[in-house]
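A short write-up of the structure that comes next.
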């Protein structure tokens, strides 16, 4: 895994050297989070590359060991990895790039590694830009060049995110197909709007370029972005612990909040990156528990800081307005997450009422088949709330129970959506067809590799996403007090406390959804139909607009890269 990432990093450096007329001094730093976590194959590879590993020992007095700084080339790595360099289409295979190896004696978490990187290495090296890349991530050969183009072209960019997607596979497991489609939908649903507002919710640790000047203010200063970022090393309370489970959602907001200069956060759809995906459904559930809870925590934290931002005299009115709009949109999405059960239960009731308008249960006054379907969904959801609280996903029986609930939710929600689809009017058919056309262009033009599988994963996404999103959201919020990492060998949970508060929250969540949905099913059928029509038009309209914005961003980046290259050529002449 580390070998492929290291190869890709050196290849990016070589590609930049061969295509640009500015001599960038590039250093690669590899930080391993704990000696015990290094795979034997990786240890052998490091030894073959010339790193001295004999001095490594597990000792709390040496939380990080700086080993040799080696100059490595692609041919060095291929030789050590016993692959034929002639079969690999890499340019400048003999060009050397400086590689620093750093080791921590124990696994102290990702944020601790970032602290060593930013507070120790970067303070000494004083880089202009920092490209952070997770092990297992494989940037395209032109990824770094495209990100640098953004930074050079717009000096008010504090960070630029790459376009991250798992590798598309035609006949992969259903959970992997859903992962891929979910990444694509998220990129199109949220990132284009964030780009134009100058605020992305996340600066991905998997691959993003950061301007050191934007974060390098004295880290002991409470107004420094790094001060707020590394508060997560000693989090205070459940909200902060969940907030820092996905720390890449924190740094971007700290940059926007704490800088006098009006920096922006952007992304580049031309900077393609292949990321690793969860191998099992259980790993996916645990990963999304961490992501969902961290996302919700980050949004609540950001909204709580909005009054301070609005009072900041160093920020202009236009910038404050953009930040407010971005946070408002994130709040709308969070509300949708919390009331997803109510929406699906009302939809379930409406579909059964449409199919069986005169079917009532004998002996029970006013109880129709639609009411049975309505309460059936809430019963299954209520049972999931209970079992998800007390049944771990780490053993065989826990997996069976959770997979059973996922299957039941799928069997209830998906047929209802199928009935809605097959009873659509011609207006809706044309509307959805137009949306899919725009969406397909926004998907396939930036990522041509997905073209062959577009209809495959899009079809699966439409079928799987409602049920999987419902299940994952429930599992995540039920386990909000679980602040363990959950994957990558970090599954110890030392904070499953506050059981009374947890029970109170789950009861409030359940009762609120029941009350809102029960009021909704008491409305006239035509009123409910109008409500769902408005929600559908809003969703399709928003996704269509975001798809158009993404195409515009993609074409704009292409033109900008061409103009910048031409400018550099003229300067070199």
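Cβ atoms are placed via backbone N, Cα and C, with glycine included.
For reference, TrEMBL has these:
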type     : residues : note
TRANSMEM : 325-352  : transmembrane segment
TRANSMEM : 372-393  : transmembrane segment
TRANSMEM : 400-421  : transmembrane segment
TRANSMEM : 427-445  : transmembrane segment
TRANSMEM : 457-480  : transmembrane segment
TRANSMEM : 500-519  : transmembrane segment
TRANSMEM : 531-554  : transmembrane segment
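Through the fold, the transmembrane segment (500-519) approaches residues 338-339, 341-343, 345-346, 349, 374, 378, 381-382, 385, 389, 477-478, 480-481 of its own chain, all at least 6 residues removed from its boundaries and within a Cβ separation under 8 Å. The list of residues near the transmembrane segment (372-393) in space but at least 6 beyond its ends in sequence, with Cβ under 8 angstroms from a Cβ of it, reads 282, 285-286, 341, 344-346, 348-349, 351-352, 361, 399, 401-402, 405, 408-409, 412-413, 471, 474-475, 478-479, 502, 506, 510, 513-514, 517, 521. Listed as Cβ neighbours of the transmembrane segment (427-445) (distance under 8 Å, sequence separation of 6 or more from its ends, same chain) are residues 184, 188, 451, 454, 458, 536, 540, 543-544, 546-548, 550-551, 554. Listed by sequence, the residues of this chain that lie at least six past the ends of the transmembrane segment (457-480) yet keep a Cβ under 8 A from its Cβ atoms are 168, 174, 177-178, 180-182, 184-185, 238, 242, 285, 288-289, 291-293, 296, 337, 340-341, 344, 381, 384-385, 388-389, 402, 405-406, 409-410, 413-414, 417, 436, 439-440, 450, 502, 505-506, 509. Sequence-remote contacts of a segment are chain residues at least 6 beyond its ends whose Cβ falls under 8 Å from one of its Cβ atoms, and for the transmembrane segment (400-421) they are 281, 285, 344, 347-348, 351, 354-355, 373, 376-377, 380-381, 383-384, 387-388, 391, 393, 463-464, 466-468, 470-471, 475.
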